[in-house]
Structures are given as C-alpha cells and as structure tokens.
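Reviewing the structure listed below.
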Amino acid sequence: RQTREQETPPDFFYFSDYERHNAEIAAFHLDRQVEQICTKRKGEVLILDFRRVPPVAGRLVNMTREIRDVTRDKKLWRTFFISPANNICFYGECSYYCSTEHALCGKPDQIEGSLAAFLPDLSLAKRKTWRNPWRRSYHKRKKAEWEVDPDYCEEVKQTPPYDSGTRILDIMDMTVFDFLMGNMDRHHYETFEKFGNETFIIHLDNGRGFGKYSHDELSILVPLNQCCRIRKSTYLRLQLLAKEEYKLSLLMKESLLKDKIAPILYQPHLEAMDRRLRIVLKAISDCIEKDGYDNVVENDFNTDVNTVTTER
C-alpha cells in the first residue's frame, strides 16, 4: 500500500498505520545487527547468530497460483476479486481494513510480500502472549499510565516476571530495537511457554516499523529513560554500531541487499537509524551520569569463559 519512499501520513494514529512487508524484512536484519556483534572481513559483513526475530525474506508472490488456487480456506477464497483495472485482488479476514476498499492487488497477479519461518511450529512449541507494560492506550484521547507517571518503572519492577530474572532487560532490548525502527505498535510480546518466566522475548509483528524517517518518536524510549537499565552486551554493541567502520546504516544496507526484493529500505530510513542510535546512546549516558555505571549497565558476561550469559 506504500512505496518505499512514502512516509506514514502525519494525521494517522499509530494504530491506523499500514503494515509494511519491507518493515518485517528490515526488522529481521536489524535484530541480527543489534543483538549480535558485527565484524567485517574481506569486505563482507559477518553477523554472528540471531536470536529474537524469526527469519523473514521477501519475494514476489503469484496470488493466483500460490494463494487463491491452493487455499482450503473458503472464507479467504471468497475475498478474491478482479479489479476494474483487471488486477487480481483479495482482502482476507481481520478486525480492521479487510474490505474491498483496502484490498491487496497484484500487477496483474504478482505482488511483493514477506514470508516468515515460524520455527518450531506452534504444535511443537506453544507460545505465551504477554501484555507489554509500556503498551499504548490505543485510544484517540486517553493516555496510558506510563505516559503520565514518571515513576511507572518502579511499579513494573515490583511485578512478576519483571521483579526477577532478565525480563526487564529483555524489555530494554526490545525498546531499543523498536526505537531504531520507529515501531510504536508493541502492545504484546511472546515467549516460549515451555521455559516459563526464565526465557527470552520473541520479537514478532514488526510491520509498523520504518514508517517515518523524518521523525524520531521519543516516547518509544520511555521504558529506557524511566528504568535506566541496559545489558552490558547491548550497550557495547550499540557503541560499536556508532563507530564509522561499523556504522549501523552501512551494515544494514549491505545486509538488506541480500534479499530478493532489494532495495528494502529507502536511504533516509537507514540514515534515521544512525540518528536514533545516537539518541539511544545519549539516553544511556544520561542514566549513567544520574545513577552511576554499575546501577545502569548490567554485566551479563560470564567472565570465566568470556561469553554472554542469556537465560533461555
């Protein structure tokens, strides 16, 4: 519904924004950049492992052959139609924007899309959905509690599962991740049910990221500003990605070129990430100045083996 160059209209609420397939692709690459240390060798960007976004790739989809003709969902099949321009369109089933007026149309039946590999399958590994403590109100006029209470984090830190373990640090990682791509739509998050509370967050549903490159939504950073906590490993990675030789925008651009429907992001979106990274580092620096390094930066390194400790 949007070209790479278009921004989210300024009059749109965050809950009215479009879902962008290229945002899902870029989020996967960004998650690997932020979550893991990046190194360069022989002109290649080597990204060591990834943790929290399932693999996502873009490709052209034949809506007739690959969706309409093979679906067993009769309700989905009934939403297909031919537009006045003789293009194949469909709108599916959902709570919002699933109508003829908001249909997805091919040219004539080819359309760009992103495909995510959900591994393992839900039948093998059930997931638990958690309400994000810093969830927005999703209301035109009302504000969420965290928007009016500067001490809101203190309340969160006394509430399970944020009162122990690494969950609050996971939320801080997710906050940085969302701020870098401008995603205001993190109302819930998921974990693998089998591991209980001592596990990691899965970063799903990133389609409303990368909507604006000319605006930095500072409210996304409120959890970090209120809690003033960050993993040492995350802090070091962010500092690394701010260096000219490991510049986040350049690493992202090179990584995204591997996708079949590249270019994935408009250049100003890449430049916006560098700008936002500086804002994140300034926020952490302000926290350290206020509360002291040891109270802000959580040492998650196992000093005996020089590795990062992550509770799974």
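Heads up, the Cβ atoms here are built off N, Cα and C, so glycines get one too.
Since we're looking at a predicted model, the values are computed, not measured.
The Cβ of E19 (Mn(2+) binding site) lies under 8 Å from the Cβ of G207, R208, each of these being in the same chain and 6 or more residues away along the sequence. The Mn(2+) binding site annotation in TrEMBL covers E19, D205.
Summarising the annotation, TrEMBL assigns ATP binding site to E19, A116, A117, F118, L119, E190, D205. The C-beta environment of A117 (ATP binding site), restricted to residues of the same chain at least 6 apart in sequence and closer than 8 Å, consists of P54, P55, V56. In the three-state DSSP scheme, A117 (ATP binding site) is classed as coil.
The domain 'FAM20 C-terminal' feature in TrEMBL is assigned to 80-297.
Residues or ranges marked as active site in TrEMBL: D185. The Cβ of D185 (active site) has Y14, F15, D17, D205, G207, R208 as same-chain neighbours under 8 Å, each 6 or more residues away in sequence.
Reduced to three states, the DSSP call for E190 (ATP binding site) is strand.
Neighbour counts of Cβ atoms within 10 Å were compared for the binding-site residues A116, L119, and the top value is held by A116.
On its own chain, F118 (ATP binding site) has P54 as residues at least 6 apart in sequence with a Cβ closer than 8 Å to its own Cβ. Taken residue by residue with DSSP, E19 (Mn(2+) binding site) is part of neither helix nor strand, so it is coil.
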